[in-house]
């Protein structure tokens, strides 16, 4: 039986096949953050010199990309990316996701929005019938912490400060437990409209285009 780490590697390798299809001297690849994304980055190293470069969704990923000799570009200098590859903490059959366990949700959402296709890579344990067992992360302006927490409690959630964590943007993370997510796009829009919320970790208004889920029997592919 394959371990979870081996399944993550399988998913990362499957995403590299998409890179192979689009690779070229002018191509820029968007790259996410997290343990599965790290494996994708390590595999992407073989494309150094075959693609123009990358855009990273976090300082952590940028450092790992650079360590492999891959050029890391500022998103402001990029007009087109064919694919963005990232993991998920949860994903459902609609390709809606909860992301942000690593705290990079805002930059992940921004970089993903520029790419033509979002390719989600994960092991099969991340596929759920309904989102919400994994606490929903929110990036929040520090001065708004208490006000945002009250608004989330009114929605039925239990917000908890991620102690000692500061995002790459200088903000805090609230992890919200116990939210009932029956309509992910509606909840995403509602939470994002709370003053002080930079963004929430629901990726449903713009979810993944393709999910590559590693199973004991190979890759299961879901697409829109």
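Glycine is no exception: its Cβ is also placed from the backbone N, Cα and C atoms.
According to Swiss-Prot, the feature substrate binding site maps to 33, 34, 35, 36, 86, 87, 88, 89, 99, 100, 101, 102, 126, an assignment based on sequence analysis. With a 10 A radius on its CB, residue 86 (substrate binding site) counts 30 other CB atoms from all the protein chains.
The Cβ neighbour count for residue 108 (active site, proton acceptor), using a 10 Å radius over every protein chain in view, is 32. In the three-state DSSP assignment, the secondary structure recorded for residue 108 (active site, proton acceptor) is helix. As annotated by Swiss-Prot, active site, proton acceptor applies to 108, with the evidence given as sequence analysis.
For the recorded substrate site, residues 33, 34, 35, 36, 86, 87, 88, 89, 99, 100, 101, 102, 126 set the reference point as the centre of their Cβ atoms, and the other residues of that chain within 8 Å of it by Cβ are 32, 37, 122. For the pair residue 126 (substrate binding site) and residue 108 (active site, proton acceptor), the Cα-Cα distance reads 18 Å. Scoring each of the binding-site residues (99, 126) by how many neighbouring Cβ atoms lie within 10 Å, the top position goes to 99. When secondary structure is read from DSSP and collapsed to three states, residue 86 (substrate binding site) falls in the strand class.
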